[in-house]
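Chemist: Could you have a look at this structure, given as structure tokens, before my questions?
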């Protein structure tokens with residue numbers, strides 16, 4: 001089994017491509033969804049409130065605002081949540097060893113040094129204009145958080161340079177499908 005990490009800048013199309021791969025029958029893991037599931041655990045919520053006493057009650061939007069405005073709080077939360085995320089990722093890989101490929105979307109893959117858990121990395125990219133257009137359509141969009149995420153993340157060009165493969169999501173669906181088909185063919189040569 002090959003483990004493929006998918007990364008990219010905010011609103012670059014990572015989740016769209018992960019969902020496309022899932023619809024095609026590939027096993028997929030989404031770090032953001034995993035963290036949302038972890039956050040539902042009352043014990044974990046209590047631990048986070050102790051870790052971040054600035055929060056009066058557990059609220060994901062308040063956590064986002066805090067961690068994108070306070071580097072120390074962000075680091076504390078990452079140091080707490082990343083080991084749990086790694087455990088879930090390792091379990092996902094163990095449960096799917098009978099598949100040729102598994103795909104995992106990890107937005108901060110390089111920044112959090114998650115690349116060590118993957119055989120190959122694919123960076124999804126598109127223009128800044130397209131990313132902004134996509135971002136503003138999200139219910140949770142906040143321009144300040146968007147800019148802070150851009151500041152925290154490696155540049156799109158750096159992610160492309162580090163990756164084994166890159167997919168331009170700023171194209172029509174037919175072209176995108178061609179790129180994904182080419183990726184799968186390239187990966188099949190590696191099995």
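Glycine too: its Cβ is placed from the backbone N, Cα and C atoms.
OK, Swiss-Prot features for this one:
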DOMAIN    3-191  domain 'DPCK'
BINDING   11, 12, 13, 14, 15, 16  ATP binding site
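Burial and contacts for the listed features, if you can.
Modeler: For the domain 'DPCK' (3-191), the model gives a mean pLDDT of 96.
The number of other Cβ atoms within 10 Å of the Cβ belonging to residue 15 (ATP binding site), over all protein chains shown, comes to 18. Mapped onto three states, the DSSP output places residue 15 (ATP binding site) in helix.
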Chemist: Which ones in the same chain are close to residue 11 (ATP binding site), with CB under 8 Å and 6+ residues apart in sequence?
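Modeler: Listed in sequence order: 130, 131, 132, 134, 135, 138.
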